[in-house]
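Take a look at the following structure, please.
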Amino acid sequence: MEGLNDSVVSQFMLLGLSSSWETKVFLMLIFSLIYLGIILGNLFIFFLVIFDSHLHSPMYFFLANLSLIDVGLSSTTVPKMIKDLLNEYKIISFQSCMTQICFIHIMGGVEMVLLIAMAFDRYTAICKPLHYLNIMNPKICVSFVIAGWVTGVIHAMSQFAFIINLPFCGPNEVDSFYCDFPRIIKLACTDGDRFEFIIAANSGFMTMGTFFLLILSYIFILVTVWKRSSGDLSKAFVTLSAHITVVVLFFTPCMFLYVWPFPTSSIDKYLFIVDFAITPVLNPAIYTLRNKDIKVAIKRLSKHGYYVKFC
């Protein structure tokens with residue numbers, strides 16, 4: 001990070017979520033419980049898929065990877081947010097801020113590709129069931145995950161390369177609980193219009209493109225099922241409801257911030273609580289409450305534990 005030498009600003013002050021002490025204590029307790037749920041819920045799904053051979057299928061392979069990414073994405077912001085709630089001065093160093101931005105965009109890029117992979121998996125399972133195992137073979141599944149990480153790194157670094165050398169010589173207050181490109185650009189001692197366009201062209205295009213691709217895929221699946229089942233869409237709705245819920249929750253804050261990257265109010269920081277805290281804690285429940293295979297796997301695990309205990 002040699003480009004940092006010309007910057008006068010060596011740290012940023014995060015303004016956080018609230019100024020009321022009572023609200024801060026309440027939020028700290030709530031987000032501590034949510035983060036605990038994120039860690040326990042997602043890691044439980046991750047290890048359940050690994051150790052239960054009955055769940056060694058493409059859908060659960062992607063679900064395990066999504067759970068791991070959710071833990072990583074929330075861990076980039078939520079622990080510091082909890083810590084800062086009780087601190088009067090919420091300071092983050094320039095290097096830590098840049099690192100946080102990179103990890104947020106890497107994890108976000110991976111998650112977008114994983115959601116595409118899961119949509120493709122559901123399309124193949126519903127629309128081409130006889131060819132499902134041939135199409136969704138282990139090589140394709142691993143390729144999707146690798147493509148996700150490559151996409152995430154390229155997505156983050158392509159923006160980071162423009163931002164890292166910006167001069168920061170004046171204000172250093174960030175009206176949020178985390179660092180991200182749009183608000184950091186506003187603090188640079190230079191005309192930020194060109195860089196805001198880069199953010200909109202990169203993150204905005206990726207967000208909108210992925211969102212509409214997913215929505216079109218779900219519409220295509222519903223139309224295919226409707227034609228094949230004489231108007232009965234119940235099976236498709238049950239299968240896709242979890243996926244559609246996750247997509248809407250994940251992409252709404254992203255579109256709000258990155259498609260129009262000119263934050264003039266603090267509403268975006270509250271929206272991104274959904275991405276960093278709410279969606280990761282809901283994913284285990286969303287993908288398992290209606291999932292028969294996961295329920296059976298949990299029963300097998302509990303029976304095995306009971307058997308081991310009394311043997």
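Cβ coordinates are placed from backbone N, Cα and C, and glycine is handled just like the others.
As the structure is a computational prediction, the values presented were derived from the model and not from experiment.
Heads up, here are the entries from TrEMBL:
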TRANSMEM  25-51  transmembrane segment
DOMAIN    41-287  domain 'G-protein coupled receptors family 1 profile'
TRANSMEM  58-78  transmembrane segment
TRANSMEM  98-120  transmembrane segment
TRANSMEM  140-164  transmembrane segment
TRANSMEM  205-225  transmembrane segment
TRANSMEM  237-258  transmembrane segment
TRANSMEM  270-289  transmembrane segment
Answer with yes or no whether the transmembrane segment (270-289) touches the transmembrane segment (140-164) by the criterion of at least three Cβ pairs under 8 A, sequence separation 6 or more.
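Output no: the transmembrane segment (140-164) is apart from the transmembrane segment (270-289).
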State, in range form, which of 25-51, 205-225, 270-289 has the highest count of Cβ pairs under 8 Å to the transmembrane segment (58-78).
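Top-ranked stretch among 25-51, 205-225, 270-289: 25-51.
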With an 8 Å cut-off on Cβ pairs and a sequence gap of 6 or more, do the transmembrane segment (237-258) and the transmembrane segment (25-51) reach 3 or more such pairs?
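Since fewer than 3 Cβ pairs under 8 Å link them, the transmembrane segment (237-258) and the transmembrane segment (25-51) do not come into contact.
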Would the transmembrane segment (98-120) count as touching the transmembrane segment (205-225), i.e. at least 3 C-beta pairs under 8 angstroms with sequence separation of 6+?
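Stretch pair touches.
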